[in-house]
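Going by TrEMBL, these are the annotated features:
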BINDING   C24, C29, C32, C54  [2Fe-2S] cluster 1 binding site
BINDING   C94, C97, C129, C131  [2Fe-2S] cluster 2 binding site
DOMAIN    206-391  domain 'FAD-binding PCMH-type'
BINDING   L234, I235, V236, G237, N238, T239, S240, V241, D337, R399  FAD binding site
BINDING   Q723, F754, R868, G1035  Mo-molybdopterin binding site
BINDING   F870  substrate binding site
ACT_SITE  E1217  active site, proton acceptor
Amino acid sequence: TENQQLFSLTAAFAVRLSGTKYGCGIGGCGACTVMISTYEPTSKKIMHYPANSCLLPICSLHSSAVTTVEGVGSTKTRVHPIQERLAKCHGSQCGFCTPGMVMSMYALLRNHPEPSMEQITAALDGNLCRCTGYRPIIDTYKSFTGVGRKTNRSPFSKVSTNFECSMHSGLCNPEEFQPVDPTQEFIFPPELMRMAQEQQKRTLVFRGERTTWISPTNLRELLELKAMYPKAPLIVGNTSVGLEMKRDGVHHPVFIHPTRIPDLHVVSNTNNGLVIGAACSLAQLRDILMKVVPELPEEKTKIFRALLQQLKTLAGEQIRSLASLGGHIVSRGSTWDLNPVLAVGNSVLSLASKDGTRQIPLNDQFLAGYENADLKPKEIIVSVFIPYSKKDDFVSAFRQAERRRNAVSVVNSGMRVLFKPNTDIIMDMNILYGGTGPITVSARKSCQRLIGRQWNEQMLDEACKLVLGEISLSPSAPGGKVEYRRTLLVSFLFKFYLEVLYGLNKMVSGFPLLVDNALPISVLSLGYHILIKQDVDPVQPPQDPVGRPIMHQSGVKHATGEAVYCNDIRAVDEELFLAVVTSSRAHAKIVTYYLNITPLPYTVTVHLYVLGVLQVICVGQIVCAVVAESAVQAKQGVEKMKIEYEDLEPILTIEDAIKHNSYFGKEKKIEQGNIEEGFKSADEIIEGEIHIGGQEHFYLETNSVLVVPRGEDNEMDVHVSTQDAARVQEFVALALDVQSSKIMCHTKRVGGAFGGKITKPAIFAVVAAVAANKTGRPIRFTLERDEDMLITGGRHPFFGKYKVGFTNDGRITAADIEPYINAGCTLDDSEMVIEYVVLKTDNAYKIPNLRIRGRACKTNLPSNTAFRGFGFPQSGLFTESWITTVATQTGLPQEKIREINMYKEVNLTPFKEELDATNLVKCWKECMEKSEYYSRKTAVEEFNKQNYWKKKGIAIIPMKFSVGFNATQYHQAAALVHIYTDGSVLVTHGGIELGQGIHTKMLQIASRELKVPLSYVHFCETSTITVPNAIVTAGSIGSDVNGKAVQNACQILRKRLEPIINKNPEGKWEDWITEAYDQSVSLSATGYFRGYMVNMNWDTGEGQAFPYFVFGAACSEVEIDCLTGDHKNIRTDIVMDACFSINPAVDIGQIEGAFVQGVGLYTMEEIKFSPEGEQYTLGPDTYKIPAVCDIPEQFRVYLLPNSRNPIAIYSAKGIGEAGLFLGCSVFFAIWDAVAAVRKERGLTGTFTLNSPLTIERIRMACADNFTEMVRLDDHNGLFWPWNL
């Protein structure tokens, strides 16, 4: 409990401000961002910086001002321009990340009132969003830049001209924005200034039961404390020690907080270099270097520029603002990016202890922790000396991470070479690598052997062999990627060779010119974004909001932090907290388990609830639950739970399941034409297979439930973050053996779901409800990020086999397809997912002879579940992969193969459903034209001819996406609409707000149907009390079917009011309602929609499986670094057949967000399991979703004009999921670039790229001499791989 108080700002502040969100607990997502303001009494300067509150020790904030999102602005006082613009530019969807986004920008504006775009993107490095795709957030914040501002504008001008030029969409109106006025911001509290001044010389001590926090004021006192407590950690930013405590349960009796000591903040220029105090933050170091570099001769700044290069991508701004230079150095993480550069730059550490001072080199021996080169227990680092570089010095820094920013390096390096003056003879050389093991290592022996050599290809060849021989990496090394990491060793060395060669060319006359450009791909430079929205009918009344880009109903509340999520609900009297014990084995019998609470240092009242589990079938299976008076006590109780297992043989992969015939359900099969005849008529036949990895939902709000017994008649309120409240109600009622009518489920909003909160929340609700029933007290149960990722499963991993026949002109005559999905340990939604995989495998192509046979594999992994797209993202990528292979085999362009085989006009699908493909062809042609595909393809080819180590690729992909479910009952919906006597309207329906704007659309529909202003209509919450038996909000049809129900209810009410309106047509709405009440006309109505009529007969393989189809196309262009596997998304054009959008701002946001989520699925999000079935990727540090740096530099979305969907409300279409698949256009653009590399290197013929197409897979597919150098043999099967 004490550590929780000292070390968690979000948990310890009892001020009841819920705007700051708890997303991951390790400083990796930015949801908990706040602004810290401090006053330095000596310089009399006030500093503002963003920080992750989940890592901030409370004690470190003494005399600091903490600004949360509530302090920036609120609807009760004044909405800040940041909040207003973010809401009006549609920069929030689920809204859970939005307070953090606001705070990151707010802290930036307090320091830089007119920031550059580079500063804005840097400020957002540490903020993740899973919904929006970042484009509207970037566009919003672009309005605060000073670039392009007219000189005659006021400093409080509403918006910069460059922003006006970038907003071609009309989705928001910059002229409506209120001006930014810095004079209206809160001042730093004078009382805190006085406190800082008065306590400048006073030691601060905070004592708990087991922990003491000491903040000294001078160096002498610090050294005495260190002598007294040599094992006590020095904490500045808590970014390292804090993680150890949270993850590993490390306990320290004493903490020393040295940030008030001036000696540790020194910054001075000497004749030989810079001296930087050890307590300076990494953000301060960056700012210092950015100021110093332009002021010094270029030859002196090579080390500084290498450090700056690493600082720009290291962590997020929140971590950079907290983490200190000294902490970065002394923690010596192998993947810490600055240490190799500081070491090769011959930096020196100034140390001090009670016994005196000394200096030691920051070198490889220090980084390895050698005793004779390390700090002594009583010593501290006071400052770091970073020397100037010399004229004949060359210094470079390299890193490659799974994401371009805010991701720990896979491998990093610092390299330096010193030449004899005016020659290319090596006089000294130093190379260090991080990421190859637990410590940063030096290629010291290799460098020694190269001294005296000339800088030429012979030297390079020998250097590569020497380095690979000296830097070893076990085939079973933790982290995997062994061949890739070894490749980076020599790839970085080659890049260094070319950079130095380029520099020598400028310095030494007559030196060979640099022919090939292998310098790093530039970091993201956000260009402009074009969104083309639809126009409403000119005769449509201005009051009618349908078809207009109405702001999200909760947009402003998202931005102010006033939007309430499940875990934001105020504490309920006598509530208890629940935590779960999960299995650590993939397949085992439980022998025994017991709770041992005696080691706990304080009295704890805990209740243990055993769930009757005798055998576990996956790691992460819930075994039992612990209930206690606080969340911390419950979690500590979980840690004291002891379980003994008897291991059983697990099945983990699809291949294992096939081998053991381990499946759920029967084979799903559809077939058309004659497969055998189709293959006979083919000129060529190819066979192959592809693997597609799973995907974590990574919704920002983890699963959360609050169960409150009502105290009579077994009634219970269940507040739950779910997509399916009716399922939660049903499961809880069954578990408690009560009627469903006594279980009231409530969901105000959900902080992201994407399919992951359909089946799982019911399980968590049942566990909490059982505990609430047993104790008679309210139970709060919120999963930590790692628990959520461990327990809930995700998108199904996929394995597909294909046999495809085609003619020489590219026409596919036959395809025999076998798709498999890894369902995990229980059925969940997997049977429906494999059905959808089978039904959607054809994507946009008419294959005359086609057979698809699919199976859901039963394994001992956590049960996988629904995920946005529901099987189509896997089956669609699989199909496009063999389409691409056909193109390679025939030598024809990929777009020609796609066009030749595409559905055209009216057709039948393989399961005999009628399909009108007119809009598919229109989307394809429109995308071709809008993207300027052919001219850009020519430009790509020209670029590739000129560049050997960088390549570009371009691809255009069509899409046929089927909306809804293949059963009519899943399309029914109900709504309840009340009109009150003051004329206000309350709408309730069965749909749940997940960020997709369903409530906003329902209010628009009610406004149109009742013919009242939008401001009259309100939505409260989704509840099983008001709308029973609601279907799950999923399948892209939530707005469709609930909209029909709301429309029905409103039309009933309007019809009742018609006689009154006809009698007084000039009257006001309020008059009509008053008259209706006086005439005893019911002002409440239930609306109902029976559902779209669909059916699918799996016995015959035929049916009307889906209500309708959404068509689209996307063209993407990328650039890859052939030496590292890095890639940059240059441009994406999307054309989507949304028909008549009820709210184009919401729908375009859905398209963009889904697309970026698809880019994550196909290019970077990789789930890793151990050979024993334990998941490694359990948080934002190990699992990387796209960030701001990953979106296309140019992002254009077009809605297909003049399109209608007669069966849906207002001729709209559900597009919540369709855009995700279009993310594969980036995958195939990378494939195109890789194909160019392989062709240039003589690697002809077909090849396969599995998904996700990570940096590792891209690099290893770009085969060259370096990849051949590092190939591993199988060691006769003697090593145990780190991951599956």
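Backbone N, Cα and C atoms are what each Cβ position is placed from, and that goes for glycine too.
In this view, the densest Cβ surroundings among the binding-site residues C97, N238, S240, Q723 belong to C97, judged by other Cβ atoms lying within 10 Å. With respect to Cβ neighbours within 10 Å, the binding-site residues F754, F870 differ, and F870 shows the lowest count. Here is what falls inside 10 Å of the CA of C29 ([2Fe-2S] cluster 1 binding site) among the recorded positions C94, C97, Q723, F754, G1035, E1217: C97. Cβ contacts within 10 Å of C29 ([2Fe-2S] cluster 1 binding site), excluding its own Cβ and spanning all protein chains shown: 30. Those same-chain residues not listed among C94, C97, C129, C131 yet with C-beta within 8 angstroms of the centroid of the [2Fe-2S] cluster 2 site C-beta atoms are S92, Q93, G95, F96, T98, R130, T132, L700, G751, G752, G995, G1153.
Distance noted between the C-alpha atoms of C24 ([2Fe-2S] cluster 1 binding site) and C97 ([2Fe-2S] cluster 2 binding site) is 11 Å. Among the binding-site residues S240, D337, R868, the ones whose Cα sits within 10 Å of the Cα of E1217 (active site, proton acceptor) are R868. Cβ neighbour density within 10 Å is lowest for L234 among the binding-site residues C94, C129, C131, L234.
Put simply, of the binding-site residues C32, N238, Q723, the one whose Cα is nearest the Cα of C94 ([2Fe-2S] cluster 2 binding site) is Q723. For R868 (Mo-molybdopterin binding site), the same-chain residues that are 6 or more apart in sequence and have a Cβ closer than 8 Å to its Cβ are F754, G755, A1154, Q1157, G1216, E1217, L1220. Proximity to C32 ([2Fe-2S] cluster 1 binding site), judged by a C-alpha distance within 10 Å, picks out C97 from the binding-site residues C97, L234, F870. Annotated [2Fe-2S] cluster 1 site C24, C29, C32, C54; additional same-chain residues within 8 Å of its Cβ mean position, judged by their own Cβ, are K21, Y22, G23, G25, I26, G27, G28, G30, A31, N52, S53, R785, P1180.
For V236 (FAD binding site), the nearest of the binding-site residues C54, C97, C131 in terms of C-alpha separation is C54. Sequence-distant contacts (6 or more apart, same chain, Cβ under 8 Å) of D337 (FAD binding site) comprise Q310, T313, L314, A397, R399, S409, N412, G434. Compute the center of the Cβ atoms of Q723, F754, R868, G1035, which mark the site for Mo-molybdopterin; besides them, the chain residues with Cβ within 8 Å of that center are A753, G755, G756, I758, A866, F867, F870, L994, T1033, A1034, G1216, E1217. Nearest to C54 ([2Fe-2S] cluster 1 binding site) in space, judged by Cα atoms and limited to the binding-site residues L234, N238, S240, Q723, F870, is N238. Confidence across the domain 'FAD-binding PCMH-type' (206-391), taken as the mean pLDDT and rounded to a whole number, stands at 95. Within the same chain, the residues at least 6 positions away from G1035 (Mo-molybdopterin binding site) whose Cβ sits under 8 Å from its Cβ are F870, V963, G964, F965, Y970, G1214, E1217, listed in sequence order.
Among the binding-site residues listed here, namely L234, N238, S240, Q723, Q723 has its C-alpha nearest to that of C131 ([2Fe-2S] cluster 2 binding site).
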